[in-house]
Amino acid sequence: ACTGIENIDEAITLLEQNNWDLVAAINGVIPQENGILQSEYGVETLHGPAYGPSSHSPAASSTPSSSSAFRHVVPSRQIVERQPRMLDFRVEYRDRNVDVVLEDSSTVGDIKHILENELQIPASKMLLKGWKTGDVDDSTVLKSLHLPKNNSLYVLTPDLPPPSSSHSGALQESLNQNFMLIVTHREVQREYNLNFSGSSTIQEVKRNVYDLTSIPVRHQLWEGWPPSATDDSMTLAVSGLTFPCHRLTVGRRSSPVQTREQSEEQCTDVHMVSDSDGDDFEDATEFGVDDGEMFGVASSALRKSPMMPENAENEGDALLQFTAEFSSRYGDCHPVYFIGSLEAAFQEAFYGKARDRKLLAIYLHHDESVLTNVFCSQMLCAESIVSYLSQNFITWAWDMTKEANRARFLTMCTRHFGSVVAQTIRTQKTDQFPLFLIIMGKRSSNEVLNVIQGNTTVDELMMRLMAAMEIFSAQQQEDIKDEDEREARENVKREQDEAYRISLEADRAKREAQEREMAEQFRLEQIRKEQEEEREAIRLSLEQSLPPEPKEESTESVSKLRIRTPSGEFFERRFLASSKLQVVFDFVASKGYPWEEYKLLGTFPRRDVTQLDPNKSLLEVKLYPQETLFLEAKE
């Protein structure tokens, strides 16, 4: 009733843009002077009568019925003025986007003025497009266009030449695109789906078609090239091909001297290429050589070198040649091939720690397959495939072109994977190559998860690699868990063994210490016994050497000595006064107190008798007629 909008879809769209706020939606559509606001007392009209069902009619607006939808109310309080509405514009110009935020009271010219400062383009040269109401002029007020909050516009500058940087950016984007060429071989009615990057030249396409159809480039008769494709050195990006898919037809150009029977005979088998075919030599000028060079070294350069030598004795040397030839044909961006035998590849992929194990990818090459060139250049050398293989796979390769190499691989396959897998590969036709085998190592055997044929796409190849990786990851997590549990058990056992070993060493060390202590005690005891025996022998010898004790009634002068031991015991003896002091020392030593360890002290006066001359007599040292002496151990 307010806006006159009768389309329910348009009304719902406006409500959704305003988050289902009825008042905001109406204010965004009707002119501001007739807008409405939600006050504290309900819906109030502002600056004039409200819109009714026929509000767009001047006659109807003056009738009483025009106020039937929203009655004119004069509030008792001051009416809240409407805030300006902000509009957001995303303006696109070539490869740039500019965000502009303005009030709805601004004009289209204000937007151009802002863009003039941002894009450095005069406003007079701009055509601002994208208005839902059609073209507008610079003086148009934005609120009169009833725009939603978010808007998208674009700028055209037909009077200005396109900048070179933008052109080069678009060209670079085209060079990075992949074109699908559906080439129909007219004589045999066979289609080839070939993927080429935009940077490939028309000449490269024709040479690839020569590999598929055996029609030399100069004898190829094409239909379907755009009129702009006038030079074979032109890239596909600038040739005018339809992106992403373009259809072409190729046939053999008839020669004046060639009969129909010859033509039919040549078309019988498009895959057979004879080294003696005269067309090969006629086409030599396309490679920059003359006829004389074709019969020399240059002729061998045109034929591809084998990917792998036949009957190679060492698999590592064969893989080195395979990698070098693969790089020369398809560039350096390719999977990193494992150099070594298939058994060594198994060891690298499957027999390390569970966390370090990987899937094994076996690439089986075949030069005679029509899919080989496309599979290698477009799929196997794609950066995403190369990166994924290098992170999650060990990649091993083999060339199945030569029969000897094929038989050798089938023997290896039977030995490692069983006869079923070998038979599956043996029954593959040449045009089904190349093959990509995904192998997962298990505890007791090796399982072939997937056999991918050459007729696939990059996305499908990636999906199948990822699917195999999911199966492998689940198995790897189980192996990691089992390995961790086994290592935990082994760690506990090692710790127990180490503790037992330390305990044994401690016991042995303790036992050895005890034995050493006992041996030392025994040795000391032996020394002590020997010393005691020696001392006893000395004592006995001294005791036997002593002169006899004189009797009391002896007529000679006799000195009576009383000697006190350190333990408090006393022993007495009579000596002749003429006896030497040494006799007293020998007597004391015979009692177990050698003068080397003890000293003999006198009482009055206190003196050390052992310091006296032992050759003097007792009379001379004044130990006559009697004396009390005591023994004291020397320090």
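Backbone N, Cα and C define each Cβ position, glycine as well.
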Notebook entry, point to check: Out of 414-434, 540-560, which range is noted as region 'Disordered' by TrEMBL?
Noted result: 540-560
Checklist line | Per TrEMBL record, range annotated region 'Disordered' [choices 48-71, 144-167] | finding: 48-71
Next item on the list: Would you mind giving the whole-number mean pLDDT across the domain 'UBX' (554-631)?
Entry: 89
